[in-house]
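Per TrEMBL, domain 'Tetrahydrofolate dehydrogenase/cyclohydrolase catalytic' is recorded for 6-120. Sequence annotations record features per position, and here TrEMBL assigns domain 'Tetrahydrofolate dehydrogenase/cyclohydrolase NAD(P)-binding' to 140-280. According to TrEMBL, the NADP(+) binding site annotation covers G166, R167, S168, I232.
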Amino acid sequence: MAGMTMKGAEVIAAMKEKMFRDVTELKSQGIEPVMHIIRVGARPDDLAYERGARKRMESVGIRLDVTELPEDISQQDFVTAFRRINDDPDVHGIMLFRPLPPALDEEEIAGMINPVKDVDCMSPVNIARVFSGDSGGHAPCTAEAVMEMLDFYGIELSGKRVTVVGRSMVVGKPLAMMLLKKNATVTMCHTRTKDLPGACRQAEVIAAAAGRAGMITADMVSEGAVVADVGINVNEEGKLCGDVDFPGVSEKAAAISPVPGGVGGVTTSVLAAHVVRAAQILAKQDAAAQ
Ligand code: NAP
């Protein structure tokens, strides 16, 4: 029998309701939450992401501003432009589209961004917080989106065997740390893992974040496991798909997230939630300074 489908839209709706209340409260204090995207050039993927982010932000009352910089900007001019936005008291969240052109140094920016405004987790301060189990910063949005989804559907993690496939700094590693904080017993897999099917079969929860279309097949999944699919791939037929072979795995899984319609869209809601939280923290800091 097919398992429950964990739908991104349901998670997004619940998050939206809470955010709308929080934004209304901020606005009653005269604060309009503002997210600022900094884009060097105009890559089609970045523009598509920006459109999605704008829709999601504006639906809860967050304003989205964008600064587009020329691709041939010097590091000095880039830093000056970044500093102006970073220091602007009316900006609460900043996201810098990456990768940057090769002539620009991302690390200098990561080191100077105000960690409160760093809603996309590029600052070493926020990264260190995730790895030390401190939930006071902003975690990488996709990793947090998986946690939001598991939480929304009431998936208990304490003491559970969880296998994470993928160890990137944006998804796999921070996700493993967040699962560990929830007291899961985490196994991390990557391209050198000797027995990936075995590591998946022993798991009660699988998070697939490898970027390989349909690589998690039904024979790799135990009956009754929960499967969160983070992958966004294009298959041989040119269709968007995840890392999990949905038709086969959904027959065995107790719960599974689809692609599209799963974790992907929740990521933008997490980004919006970070902006709201940043605005709340900055408002408290302002009040304390007065
Ligand atoms: P990445 O940087 O390419 O990392 C992929 C990870 O998966 C690496 O750690 C790699 O291992 C591992 N891996 C690749 N093939 C494998 C295999 N056959 N067996 C075991 N492990 C394997 O990718 P990423 O940025 O983390 O993204 C992962 C997926 O999530 C992609 O499909 C991406 O599009 C998607 N994604 C979605 C969102 C969203 O939902 N909004 C956001 C970000 C990413 P090694 O370390 O050994 O190379």
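Note: Cβ is positioned from N, Cα and C throughout, glycine not excepted.
TrEMBL: automatically predicted annotations, no manual curation.
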Of all the binding-site residues given, G166, S168, which has the fewest Cβ neighbours within 10 Å once its own Cβ is left out?
S168
Mean pLDDT, the domain 'Tetrahydrofolate dehydrogenase/cyclohydrolase NAD(P)-binding' (140-280)?
98
When the domain 'Tetrahydrofolate dehydrogenase/cyclohydrolase NAD(P)-binding' (140-280) is classified with DSSP, how many of its residues are helical, how many are strand and how many are coil?
54 helix, 26 strand, 61 coil
Within 10 Å of the Cβ of R167 (NADP(+) binding site), how many other Cβ atoms can be counted across all chains shown?
18
Residues G166, R167, S168, I232 binding NADP(+) per the record - widest CA separation, whole Å:
16
Taking DSSP states H, G and I as helix and E and B as strand, how many residues of the domain 'Tetrahydrofolate dehydrogenase/cyclohydrolase catalytic' (6-120) are helix, strand and coil?
57 helix, 18 strand, 40 coil
Return the count of C-beta atoms lying within 10 angstroms of the C-beta of I232 (NADP(+) binding site), excluding that atom itself.
19
